[in-house]
Amino acid sequence: GLRVAVLIGIVGTCSGAWIKVGSVASDRFWVGFLGQSVVALSQVFVLSVPARLAAVWFGPSQVSSACSIGVFGNQLGVAVGFLLPPMLVDGNGTTDQITHDLYVMFISVAVFTTVLLVLILFLFKNEPPTPPSYAHTQPSDNEQSVSFLQSLKRLVLNGSYMLLLISYGINVGVFYAISTLLNQIILEYYPDGEKDAGTIGLVIVVAGMVGSVVCGVVLDKFHKFKETTLVVYALSLVGMVIFTFTLVSGIGVVYFTAALLGFFMTGLLPVGFEFGAELTYPEPEGTSAGLLNAASQVFGITFTSIYGVIFSNLNDIWANSIMSVMLLIGTIMTALIKSDLRRQAAHSSK
């Protein structure tokens, strides 16, 4: 259920935040690593929430927009993570100053997550008293009797969903690789652009937040799930190619192309969740979204490692070109997906 998953996520996040408060000393790196690991494990229970929450609480004309707003919230946290730490912690200060700054930052996060924990504990409900749509009433009768492994087996045997799983993983994996190594990429062309690298990262995330909401609204208005996924995917490929060959054109151009990349690549997140829910209905949305997240993490780790090796031994052009080829493969796979909109069919059968 939603409530249990979200409670586990926020309890873990809050606990990890308080552990990190105890890490502000130069000999306590392991404490900080422990706290961050607890937070990282806890995000597993939160990342897949938007798709499930949207399906449980919202009707067919609102579900995609609601999912996109949930993804917007995830990306907002990432944006704050880009923005606040450099403002709160002076990396060039003395050891005592850095210790103080880290303590202020960690205690602020810990207090904030504690407030969230209290709010969720008392205000967050598992589901509305009345189902928001006819489709949502269908799986509720048999959800308890179907094991997770049976559900997983059906997802794996769903050819269209598996194509989406791999193509989605490729797209988000490329995005993770670019985001992780952005600082090195920018400094390769602009040696004094360390601050620009952080700001460009913020621009990518903010543009992605806008893209997420726009794509969600488009889905709710037209219900063209495959078409929207394919267009956004193809434009992600175009954005990657433009980004690759305009890095030498000036830092202002890099800001623009990075925003373009973020808009479409992050815009694919809610689109993928919703398309996956359509292809796999009446399987629980949390399971299909969770597998999409898992695929993106696997591809993200793989592509980040590959990108780093190619970047170090050849150059960024080669690395970006290979990522572009992977996006081309993902675009072709997306085009091959059969548009079997099962959830929409259930809505229509009412």
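Cβ from N, Cα, C; glycine included.
Automatic, uncurated: that is what TrEMBL annotation is.
According to TrEMBL, the domain 'Major facilitator superfamily (MFS) profile' annotation covers 1-342.
Among the features that TrEMBL reports, transmembrane segment is placed at 29-51 (among others).
Outside the transmembrane segment (63-83) by six or more residues, the chain places 46-47, 49-51, 53-55, 57, 133, 198, 201-202, 205-206, 208-209, 212-217, 219-220, 266, 269-270, 273-274 with a CB less than 8 A from a CB of the stretch. Per TrEMBL, the feature transmembrane segment maps to 63-83 (among others).
The feature transmembrane segment is assigned by TrEMBL to 103-124 (among others).
The annotation transmembrane segment is assigned in TrEMBL to 155-178 (among others).
According to TrEMBL, the transmembrane segment annotation covers 198-218 (among others).
Outside the transmembrane segment (230-248) by six or more residues, the chain places 167, 171, 174, 178, 185, 188-189, 211, 215, 254, 257-258, 260-261, 263-265, 267-268, 271, 316-317, 320-321, 323-324, 327-328, 330-331, 334-335 with a CB less than 8 A from a CB of the stretch. Taken from TrEMBL, the feature transmembrane segment covers 230-248 (among others).
TrEMBL lists 289-311 (among others) with the feature transmembrane segment. Within the chain carrying the transmembrane segment (289-311), a Cβ under 8 angstroms from the stretch's Cβ atoms is held by residues 44, 47-48, 50-52, 152, 155, 164-166, 168-170, 172-178, 180-181, 184-185, 272-273, 276-277, 318-319, 322-323, 326, all 6 or more beyond its ends.
Distant neighbours of the transmembrane segment (317-337): 160, 163-164, 166-168, 170-171, 173-174, 177-178, 226, 229-230, 233-234, 236-237, 240-241, 243-245, 275, 279, 303, 306-307, 310-311; these residues of the same chain sit at least 6 beyond its ends, with a Cβ under 8 Å from one of its Cβ atoms. Per TrEMBL, transmembrane segment is recorded for 317-337 (among others).
On the 0 to 100 pLDDT scale, the domain 'Major facilitator superfamily (MFS) profile' (1-342) averages 87 in this prediction.
Same-chain residues lying 6 or more positions outside the transmembrane segment (198-218) and placing a CB less than 8 Å from one of its CB atoms are 64-69, 71-72, 75-76, 78-79, 82-83, 86, 179, 182-183, 186, 224, 228, 232, 254-255, 258-271, 274.
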